[in-house]
Amino acid sequence: MRSDNIKKGINRTSHRSLLRACGLDDNDMKKPFIGIANSYTDIVPGHIHLKDLVQEVKEVIRLEGGVPFEFDTMAVCDGIAMNHEGMYYSLPSREIIANTVESMAMAHQFDALILMPTCDKVVPGMIMAAARLNIPAIVITGGPMMPGKFHGETVDFINVTEAVGATQSGKMSEEDLYELERCACPGAGSCAGLFTANTMACLTETMGMSLPGCATAHAVSDKKVEIARASAKKIFTLLENDIKPSDILTQEAFENAIKVDLALGGSTNTTLHIPAIANEVDGVDVTIDLFDKLSHEVPYICSIRPGGNNRMIDVENAGGIPAVMKNMESILNTDCITCTSNSVKENLEKVSDIDYNVIHTLDDPIRTEGGIAVLYGNVAPNGCVIKQGAVNEDMLVHSGPCKVFNSEEECVLAIENDEIIDGDVVVIRYEGPKGGPGMREMLNPTAAIMGRELFHVALITDGRFSGGSRGPCIGHISPEAAEGGPIGAIENGDIVSINVKERTIKLELTDDEIKERLSKVKPVERNLKGWLKQYQKLATSADKGAILK
């Protein structure tokens, strides 16, 4: 056992002495040590229930003959960190989480890992660590939040963000906004639509790192407890058969994840997180070009908020990710091994009772292309991304005058002052991995635009978007402004033309004009210290997953 490195032999006497201080006895020293990375915290709705859920996991580990060791790692709620300086820390937290889990597992030589994340950066951060460590591991994602009810309508967190703009523009009363605030988020779980957290949970299940049904089993459900207990039992199968993340996280498994992502119309943040996870696995190559290549091949078959009206509970009731994968079986790599110790094909054999009104077949798609597209052009020579599944057909092609801002705050103020009108192309720059730093989410600007019913405004940025953003929002523009990217040359009144169908984004200037402007640009300087200063020095471009180098 790997844990023998800290508990076996005379040279480990002092180590055992410390373990005995933790309550272990002679019999425990013969058992496998199972590390449990728990991201419980009191301030993140997606994580508040993990304190209780982990007790179920520990109980099963003891029953199965192991010794559970719970340790904590951080979790940031992007909704609470939104639209202030806290959002600079959200994406960088992914690296801290990965490093924390790696450090704990190496320092204490766990034989296997159970990972318990829920929200946006915690899921990829933990899987990045599992891939680095390459010891048997299984993921128990915390599960979605139930939606709320407001005046008879089903609502979620994004309804609240957009309602702020509606209230500021006189389309909603403050009394109704207050009522909505109180009922939209009724309890534990990740926000109720297919936003980043739930997208990553779905892809974790697709890749085979969590048990079938885990992603859509809601946080407050008995099913989530059952899956948590089953996962704790399954870790021993993985340990006994030496099935490691490198056996599961293959090139084919990543391609399956991207295909399901495209079929669901998932968050554009997956174009950061999936390449970042893949970067930790030898022999795997995942780029944003792969997303776009597959987007031409994989149809959009399940319309979920923010791209549609369904929420995660509807997907759960329709059969969950097993049903989605069953409908896609003909285009998936079904020989991939999963944490069940069986293949994808074997996992799907008994899947039935699919609600085809929610999860369409490949022959009856909602749209013929996948939910994410990658655009190129003189604004983004290295690419940028758009969730085309959440864009109205009439905005897939758009050309308009630019309103340019060097920060999210400047843009939000302009929207609140009614300076943005239909037809505009809003440009927010110096919000990339290095420029922010930290590549903040632009949910407040997009929600403010939608709340004001400015449905013919496009927004482009070297920052990123919440999984809850909808409309013609183009992010991850690479290279970013802080790295001398052409987005830094755009001026108020310039025309930018977007054609999602042709995958192009163009600033209507010549190459020489852009070069001349860039030669005169004075980059925005940030007064940084601490972790953000370190992150800025190490962060790579969005088209590389914003990983650290």
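Each residue, glycine too, has its Cβ placed from N, Cα and C.
Here Swiss-Prot flags Asp78, Asp120, Lys121, Glu441 as Mg(2+) binding site, drawing on sequence analysis. In this structure, Glu441 (Mg(2+) binding site) is part of a beta strand by DSSP.
Non-local contacts of Cys119 ([2Fe-2S] cluster binding site) by the CB criterion (under 8 A, 6+ apart in sequence, same chain) comprise Ser39, Val44, Gly46, His47, Ala75, Val76, Cys77, Asp78, Gly142, Ser190, Thr196, Ala197. According to Swiss-Prot, the feature [2Fe-2S] cluster binding site maps to Cys119, Cys191, an assignment based on sequence analysis.
The annotation N6-carboxylysine is assigned in Swiss-Prot to Lys121. Annotation for Lys121 (Mg(2+) binding site): spatial neighbours Val76, Asp78, Ser90, Leu91, Ser93, Arg94, Ile97, His273, criterion Cβ-Cβ under 8 Å with sequence separation of six or more.
Sequence annotations record features per position, and here Swiss-Prot assigns active site, proton acceptor to Ser466. The Cβ of Ser466 (active site, proton acceptor) has 28 neighbouring Cβ atoms from other residues within 10 Å, across all protein chains displayed.
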| Cβ-based isolation winner (fewest other Cβ atoms within 10 Å) among the binding-site residues Asp78, Asp120, Glu441 | Asp78
| message | Please list, in sequence order, every residue of the chain apart from Asp78, Asp120, Lys121, Glu441 whose Cβ lies within 8 Å of the Cβ centroid of the Mg(2+) site. | response | Val76, Ala81, Ser90, Leu91, Cys119, Thr196, Ala197, Asn269, Ser466
| task | Whole-number Å only: compute the distance from the Cα of Ser466 (active site, proton acceptor) to the Cα of Glu441 (Mg(2+) binding site). | result | 5
